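Trainee: Under the heading active site, TrEMBL lists HIS372, ASP423, GLU432. Here TrEMBL flags 28-306 as domain 'Glycoside hydrolase family 9'. Annotation source TrEMBL lists signal peptide at 1-24.
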Amino acid sequence: MSLFGRLRTVVLLAAMMVVMVVKASQDYGDALTKSILFFEGQRSGKLPSRQRMTWRKDSALKDGFQIGVDLVGGYYDAGDNVKFNFPMAFSTTMLAWSVLEFGKDMGADLPRALDAIRWGTDYFLKATSIPGFVFAQVGEPYGDHNCWERPEDMDTPRNPYAVSKQFPGSEVSAEIAAALAASSMVFKHVDLEYSARLLKRARMVFEFAETYRGSYNDALGPWVCPFYCDFSGYEDELIWGATWLFKATTDPTYSNYVVENVHKLEKSVMRNVNGLAYSSVGGSFAEFGWDSKNAGINVLASKHATTLSFLLVVYSRYLKQANRVVHCNNVVASPARLVQVAKGQVDYILGSNPLNMSYMVGYGKKFPQRIHHRGSSLPSVGQHPKQIGCKDGSVYFNSSNPNPNMLTGAVVGGPDIKDSYEDSRVDFVQSEPTTYINAPFVGVLAYFKSHPWS
Ligand SMILES: *[C@@H]1O[C@H](CO)[C@@H](O)[C@H](O)[C@H]1NC(C)=O
Ligand SMILES: *[C@@H]1O[C@H](CO)[C@@H](O)[C@H](O)[C@H]1NC(C)=O
């Protein structure tokens, strides 16, 4: 090659690198690592020696013991200390889906992602260990919300709540079945015995959910509503559970179930969202979140480019979170456009926004300091071993100081529609992180980590 040729190559490469540097606006690998680390901060129960978020300690070591059942473990849902199994199961399903789609792109974070899933599934095996019952929650929510206490100090009632044949809860049961089935696929090549146990339990729990139909809103009333009231009906979770069971087993019983029931769901979806033109099948936008699985069913049950659809689904989740609605009636967006839109959203969350602020704790230069989270906002047990009682936490809750413990990787509710963010502990809508915001984000970050220039 001539010198001129070489020079031209170098210039070309340099130009490409500039373009790449400009386009890779965020460090998705760093964000991915942190998004998974967050789950360690939400752990309930006996913490393992490989716990990295060390300001957290063992907590709630007797959950379930009052009725002779071991319900130790699982995740605290958000900034409080209740274990709400319905959104917890959704988060576990999403973590599993993230690993199934993007696990190969996760690198050193993959074992940690598996840990995060297993922390959920170990608990769900306990929550479904008695045939005919599914535990839906641990922790009396009113007592819990009335206190600002560290999980390690909790002295509020840790009541367990279960659904049963007589008082069924198909949405919570079917979502747990989905989590177990999806996770069984994740562990198939990692721990075959564990994977088989998860799958066996998933079948059993799905059968229970389907045979004894009803909503946990009715069975458990004020213990679950208004916290995680299931507004969208339980049919979507039953189909979602069957879809995951079909993926995990290829047993036609489950695909037949999906086909037979999806039309009913479609009608009910149309009725429920009166005015918002979308259908539950066919690939258009639909609701997706802890309480509504329609869009997820679309993606799983269809032959889309799944990877891209995952992004779309998760993107719709964020739109819902931000109370923004996209009307894309009669608009056909290209897959590239969808990825671009998803990337814009991810970048916004990570700091490409008018405030130049990352909404992930510990990521970037500027991020939320006063998240609505009991453990993060109170001095750690290591710093302050003495118990901090129910109302003794108020002084920390009201303080304008930054939180003393960093809940690394927590993605908060985020700014209002005008892009303003108060960074106030009191404003939980903006400043509270949840497991079900972080879980789908894990997969999206893994995608952009491996496709930073897309
Ligand atoms: C955000 O960053 C941009 C580009 O660096 C800058 O022009 C703008 O003033 C910053 N905005 C704030 C609120 O700091
Ligand atoms: C402090 O927080 C508690 C809630 O924990 C609230 O009821 C009280 O009004 C607050 N006090 C002040 C002075 O803001």
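Heads up, the Cβ atoms here are built off N, Cα and C, so glycines get one too.
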Trainee: So for ASP423 (active site), how many other CB atoms are inside 10 Å of its CB?
Mentor: 19
Trainee: Distance between HIS372 (active site) and GLU432 (active site) at the Cα atoms, whole Å?
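Mentor: The separation of the Cα atoms works out to 5 Å.
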Trainee: Cα-Cα separation of GLU432 (active site) and ASP423 (active site), in Å?
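Mentor: Counting only the Cα atoms, the answer is 10 Å.
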Trainee: Please work out the number of neighbouring Cβ atoms within 10 Å of the Cβ of GLU432 (active site), leaving out its own Cβ.
Mentor: 19
Trainee: By a simple count, how many Cβ atoms lie within 10 Å of the Cβ of HIS372 (active site), its own Cβ left out?
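Mentor: By my count, 24.
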Trainee: Which value does the mean pLDDT take for the domain 'Glycoside hydrolase family 9' (28-306) in this predicted structure?
Mentor: 91
